[in-house]
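See below for the structure under consideration.
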Amino acid sequence: MRHNQMYCETPPTVTIHVKSGSNRSHQTRKPISLKRPILKDSWEASENNAQNNKSKRPRGPCLIIQRQEMTAFFKLFDDDLIQDFLWMDCCCKIADKYLLAMTFVYFKRAKFTINEHTRINFFIALYLANTVEEDEEEAKYEIFPWALGKNWRKLFPNFLKLRDQLWDRIDYRAIVSRRCCEEVMAIAPTHYIWQRERSVHHSGAVRNYNRDEVHLPRGPSATPVDCSLCGKKGRYVRLGLSSSSSSSSDTGELMEKDSQELHSAFSVDTAGDPPHTYSQVANDHQSNKENETNFVKKNKSVEWFAESEE
């Protein structure tokens, strides 16, 4: 059985410790010795000092990933709306495996509780990841109608404020290394969200300005755009699709309720800076399905998260 805690190293930061002047004044100076040690002894001493310094050297900041946190993150993808959003992104330009791993890292850096693993927080973190990593600005705008519903044009300025609040909550540490993403994915490597590979021809900052204009965002009511590079029908495999279509009335009602909650969260006048407003936008309308998708049932790597604590 695997350990309950997994470690994922993040880019190290530099900490400078400065002693106060009062402490320096009371320090006794050691006499300077000019004796030259024997060469062999000095070589062994230098090796021992190097090993001691290496062992005493503080390690960089790390993420301690709890089992229940990863489980709560995976449960987000049981939501029909999020599944349909992934189905729409058939070329993995908005939510490939690295952007999804960054989303989880943001949840950790923000110290989200289990109750804060909500749909709206997922879209906010994913939008921030796209802002940091992607050079093509237009693609990420597709997140607006999925997260905010039909009134997204009125609500997206507030959505951007929530993104900035999340950025502040993670202490503006929005850069996530490739190694950190891969270590997060290595916890459950066969989960279907880590199979979302982006094709090479969709990588980089090279743009084709002669392409047919596609007005973005298109929203949940539209079908994925045919991609001549990925194939006319797009890549719909291994995305964890839901049985409901993206144009279902239930999905539309859920999005409308979420947009109303987001609007009401900003309509309240508060004195001072409200702590973590975006965490107050509760997602009470996620899917009521208790059964996981067939793919997750066959995914044995997730059993580690489903097992009870011994």
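Here the Cβ of each residue, glycine as well, is placed from N, Cα and C on the backbone.
In Swiss-Prot, the feature phosphoserine is attached to one residue out of S33, S46, S221, namely S221. In the predicted structure, the region 'Speedy/Ringo box' (67-199) carries a mean pLDDT of 95. Secondary structure by DSSP for the region 'Speedy/Ringo box' (67-199): 95 helix, 0 strand, 38 coil.
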